[in-house]
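Straight from TrEMBL, here's the annotation block:
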- A:102-476: domain 'Myotubularin phosphatase' (DOMAIN)
- A:Asn251, A:Ile252, A:Cys314, A:Ser315, A:Asp316, A:Gly317, A:Trp318, A:Asp319, A:Arg320: substrate binding site (BINDING)
- A:Cys314: active site, phosphocysteine intermediate (ACT_SITE)
Amino acid sequence: NGTLYLTATHLIYVDASAEVRKETWILHHHIASVEKLPLTTSGCPLLIHCKNFRVAHFVIGHERDCHEVYTSLLKLSQPVKPEELYAFSYNPKMPKDSREIGWKLIDLKVDYQRMGIPNDFWEITDANKDYEVCNTYPPEIVVPKAANKATVLGSAKFRSRGRIPVLSYLYKENNAAICRCSQPLSGFSARCLEDEQMLQAIRQANPGSPFMYVVDTRPKLNAMANRAAGKGYENEDNYDNIHFKFIGIENIHVMRSSLQKLLEVCETKSPSMSDFLTGLENSGWLRHIKAVMDAGVFLAKAVKEEKASVLVHCSDGWDRTAQVCSLASLLLDPFYRTFKGLMVLIEKEWIAMGHKFSHRCGHLDGDLKEVSPVFTQFTECVWQLMQQFPCAFEFNERFLLEIHDHVYSCQFGNFLGTCYREREALKIFEKTHSLWPFLLQKKQEFRNPLYKGFTAYKELKPNTLPFSFQFWCGMYNRFDKGMHPKQCVLDHLLNCMSQKMKLEDNATDLENVSPRSKSTLESFCFKEKRALPNS
Amino acid sequence: MEFAELIKTAKVENVQLSCPGLPPIKGTLCITSHHLLLSSQPGGNGEQGTVELWLLIRNVDAVEKRIASSLGTITLKCKDLKVLQLEIPGMEECLNIASSTEALSSMDSVMMMYPFFYRPQSMKLKDGWQLYPLQHYYQQIAAETSAWRLSCINGDFTICSSYPPAVIVPATVDDKVLQKAARFRQGGRFPVLSYYHKKNGTVMLRSSQPLIGPNRKRCQQDELLLSTVLDGGERGFIIDTRSAQAAKQARMMGGGTEPKSSYPRWKRLHRPLERGRLLQESFIKLAEACNDTSLSMDRWLSKLEGSKWLAHVKAALSTACLAAQCMEREEACILVHGAEGTDTTLLVTALAQVILDPNCRTLTGFQGLLEREWIEAGHPFHFRCAHSAYSHARLKQEAPIFLLFLDCVWQLGRQFPFSLQFNERLLLVLFEHTYASCYGTFLCNSEKERCLCEVKEKTHSLWSWLNQPSELNTHLNPLYTYNALVIWPSVEPQSLQLWQGLFLRWIRSSQYLDEAWAEIHRLVTSCEDAPEESAGRTLCHSQPGAAYPLTITGTANEG
C-alpha cells in the first residue's frame, strides 16, 4: 500500500507499509511500455515495462485515476520533440565552466595520439568538416595518408550513406589496423576505382602483411539479398589481396525480437528449470551474444596473430560494426578496460561514428522497428568478458549497468540524437551535461577491487565455447532482488579496499613521524610532514 | 597374489601421454596393482625421471582402445571426469595395458582396494576415525533437552543392517518398541533423530518407508514412536520424497506411506526427487554435453536442458527448503523418507541442516554432517559410486546422489559467499574421494560392512588427512564469516548455475578465476591485518585457491 506521484521527470512510488520509507523512482524516459490490465476486485492494475528491465506492477483503486495515470505516462514516456528530453532541463547546479570542462574530458584526438597517429601511414583529416563526405560521421576522421581527397570522395560515393573506410583502431606494435565502413554499392557488378584504391591504401599502411581482411558481419544470405538493391559486398577479384569473410551476426530486427523472447522468459513466474532453459535457447539471445563475441575474437586474432589489417562493415556500419570494432579494441588494448578507456571507446566507436542511439533506444516517439538492443549486447559482451577475466577490468558490473541506464535516461547529452551533426544541431554541448564526469565522481563504487592494473593482462583471449556464456541475471532480472546472491562480495571487497587505503594513508603519515612516544607525536606538526630518521 | 595375474605387461617405454590443455609428454609407463605411472624420459618434454602421471587405477571409469598398425591409443576416462590419452608403441603392449587397467579398475572386492595398502608415513592408522562420534552429537542435544536418548539397540547390526550401532530416539520409547517398529520399516530403518533445531526445539527424523503393503497393515509401536515426538496438540509433517502415486504403488510391493487414519497428527507432503538410474543417466548426459566442444549454442542449451541435471538440483534444494521451512517457520517436527531411506532421504536431511544450522557450514561441522548423515546413516557409497559418468558397464546400482548433494551445497555457497567456511576445492576433493580414494572413509555401503572389513583399523581416514594444517588451509573460504542465520537460497532457475568447477574442470582453464581468488585472498588478509578493523569480522586465513565461482555482481541482496 502506498502513494504514486508523477513529477515532470519521474514516477515516484512511496511504500507506506514499510517501516522505513521506501521509494521507487522510475524515470519517464525509462518507461518502454504502459499497459492497463483488466479490472480486478482490488482495483485497476497498471503494468509498466522499463528499458532497464524493471517491471512495475501497480494496482490503482479507482479506474478513472488509473486511466489518468495511464494517459499521462504514455505522453510523458514518449516525448515528441528533442527539447522535451530530460537532458535539456537537468540542472545539477554546477558552474558553467565545469560543465564545459566536462565535455572536454574525453578527447578522441588524445586516443589517436596514444595509437601513434598521426604517423607515416595515417592522418587525422577534417575532410568531413562540412559533412561533405558523410553526414553521419564526425568532422574529423582518420584515413590512410596515401588516400587523397579524390580517393576519399570517390569512395564515399561507392559506400552506403557515404560511410567510407576510416580507422577505428591501430595496433601500434605491428601496424595492423581495424577500419570500419558501410557496405559497398556494388550491386551485381559495379566497381569503384577510388574505393579499390582506398582499400589498397589501408592494406599498404600495414607493410608487414601482404593481405588484409574484409569482414562482412552480416549473414551471407542477407548480404547477397542486398545486391539486388544495388548494395552488397566486396568482390575479391576487384580488390588487390583482400581476404573476404562473412560473420553471420543477425540484423536489428532479429535482435529486437530475440530480446523480447528473453524478457518473456525472465518474467515468467516460477518457471521450471526446463521452461527456463528451453526459453533461453529459443530466444536465441546467447547465440547472438556468442556471434558478436566470436566476431570480436576473430578481429583481435587477425590483428594480433596474423598481423593483418581488417576492414569491417555490415549494412550501414553503425550497429554490428560498432559492436565488433569496439569489442576487438577491448580485447586488444588494456586501456579500454579502464574507466577512462571504456568512456573513450564508447565515445569513439558508438557516439562519434553515428550509432543511432536516439532510434535504437526509442528516446522519442517514433518507429518501433528502429528500436534494437545493439548497445545492450555490447554491454553484455563486456560483462561476459568480466566473468572470464575477473581481474582485467578497472570497473565493476555496476559501472556497466549505470552506463546502460543512462543510454536510455536522456539525462545527459552524450547519447541524444543519432550522429555528431545532429548533436551539434541540438546544441548539446551548450545546453546539456556530459555523463562521464558524473560517473567519475562515483568512481569508488564502480571500482573493481580485483583489478590487477593496466599491465597485468595484455590482450584477452576469451573462451567462446557455448558453456562460457552465462545468462546475465544482474541485467535482465536486475530488479528481482530475490534471485541474486544473498551476500554481496563486491561491497565487502570495496570495503576492504577503502580500509586498506585508509591504512596506507595512515602508514604514510606514520612513516613521517617518529614512533618514539605519544608526546612527540602530539607535539609534531602533521601538516609539514617532516621526516625524522627512524629510531 | 591376484594382482600379479592381472598385470600382463608391467612396463612400456616410449609412451606418450596427452591430456587437454597440456603439451604431450613421452615417458615410461608402469602399471602396479593400484596405479598407472608415467615417468618422463630424456627428450620427452619433461624433466628426466619426473613422474608425470600417478593415476589411481580405481579412478578409471572407462578404457577405450584404438589400434592403428603398431601404435595403439588408449583413452582413459576417469571417474573425476578427466580424460587422458596414452599412445603405446606395440599392439600387444597396448592391449595388455588396456585389459589390465580395465580388470584392476573394476575389481569389486573392497579389501583389495588401495586404502588397505596405503600407508603414508606421516599418518597414524587410527587417527580421524573417532572425530565425529554420534555420542558427541547426542551430548549437544542432551544439554538442551532430556526428550532424547542414545540407544545402542543396533549394537550388533541385527535390528537394521544399514544403521550405525547407536541411534538417537525419543527418551520415552524403549528398545522393545523400537525393535517392533523396525520390523515395520523397510530394511529395519525405523524413525531416528537426524537433526535437533536448537532455536525452537523441533526435530527432523528420518526413516525408510513403512511396510503398509496391499493389506494396509498397521504397527502400533511405529505409530507410538512417531506420536511420542509430538507434544500435546502439535502437528508434524512427513516429507515423502516420492510422488503420491509412487508411494501408493509401493504398497503393491509391500511398502507404502503413512495413511492419515493411522497417523492423524502427521501431514504428508509429497515431493518427488529422482534417484537411481534416471539420476545416473542425467549425470552421463551432462558429462557428455560438457565434453562435446563442437556444440552450437542452441545444441548446448538444449543438451543442458535435456540432461535435467539442473532440474534435479532445483528439486533437491526446493525440498530441503521445504523441510527447513517446516521446522524454522511452522515450528513443526518433520519426518523425511522415500523408499529405502538411504538416498533422497539423506539428500534432504543433510541439505536442510546446511540451510538451517550454521555449525554445519564450518569445515569440521560439515565433516561431522557427512559422517553422521551420509556415511553412518548408511548411504551405499560402494554401490552408488562404483562407476561415474563415462563407464560403458551395464548400470547396476550407480547413482550420483552424493554428487547432487555437493552440487546443492555449491549452489548455497554461490548464493551465500560468506557463509560457508570451506571452499569449492573441498567439494571437489569429496567428489573425487567418493569415487576413488586412498582413504577408507567412503568405502563400503554401511557401518556393518565397514566393521566386517575392518575399514577403521586397516585404512586411513580422509578426515585425518584433510585436517592436517597444510591441507586444511587450502580448503578454507577467505570470505567466510560466521552467519547465525538460516540461509534461504533462491531456487529460481536464474539463480542456479551449472557447477563449472566440477563439470568443466578438465575442459576449460581456471587460471583467471584462480588469480581472482588469489586477489580476494590478498585483499581480505591485508584488510584483516589492521587490528582495529578486523573486530567485526572473523575471517579465516587461507591459501588462495578455488572457492566459489566469482559472482562479483553489483546486484546482490543483503541477507
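Placement of Cβ uses the backbone N, Cα and C atoms for every residue, glycine included.
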Note down the number of other Cβ atoms within 10 Å of the Cβ of A:Arg320 (substrate binding site), including every protein chain shown.
27
Among the binding-site residues listed here (A:Asn251, A:Cys314, A:Asp316), identify the one with the smallest other-Cβ count within 10 Å.
A:Asn251
State the count of C-beta atoms found within 10 angstroms of the C-beta of A:Trp318 (substrate binding site), not counting that atom itself.
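If we count other Cβ atoms within 10 Å of A:Trp318 (substrate binding site), we arrive at 24.
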Identify all same-chain residues not among A:Asn251, A:Ile252, A:Cys314, A:Ser315, A:Asp316, A:Gly317, A:Trp318, A:Asp319, A:Arg320 whose C-beta atom falls within 8 angstroms of the centroid of the substrate site's C-beta atoms; report them in sequence order.
A:Ser182, A:Thr217, A:Arg218, A:Thr321
Taking only the residues the record lists as binding substrate, namely A:Asn251, A:Ile252, A:Cys314, A:Ser315, A:Asp316, A:Gly317, A:Trp318, A:Asp319, A:Arg320, what is the largest Cα to Cα distance between any two of them, in Å to the nearest whole number?
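Comparing all Cα pairs, the maximum is 12 Å.
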Could you find out if DSSP has A:Asp316 (substrate binding site) as helix, strand or coil?
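DSSP assigns A:Asp316 (substrate binding site) to coil.
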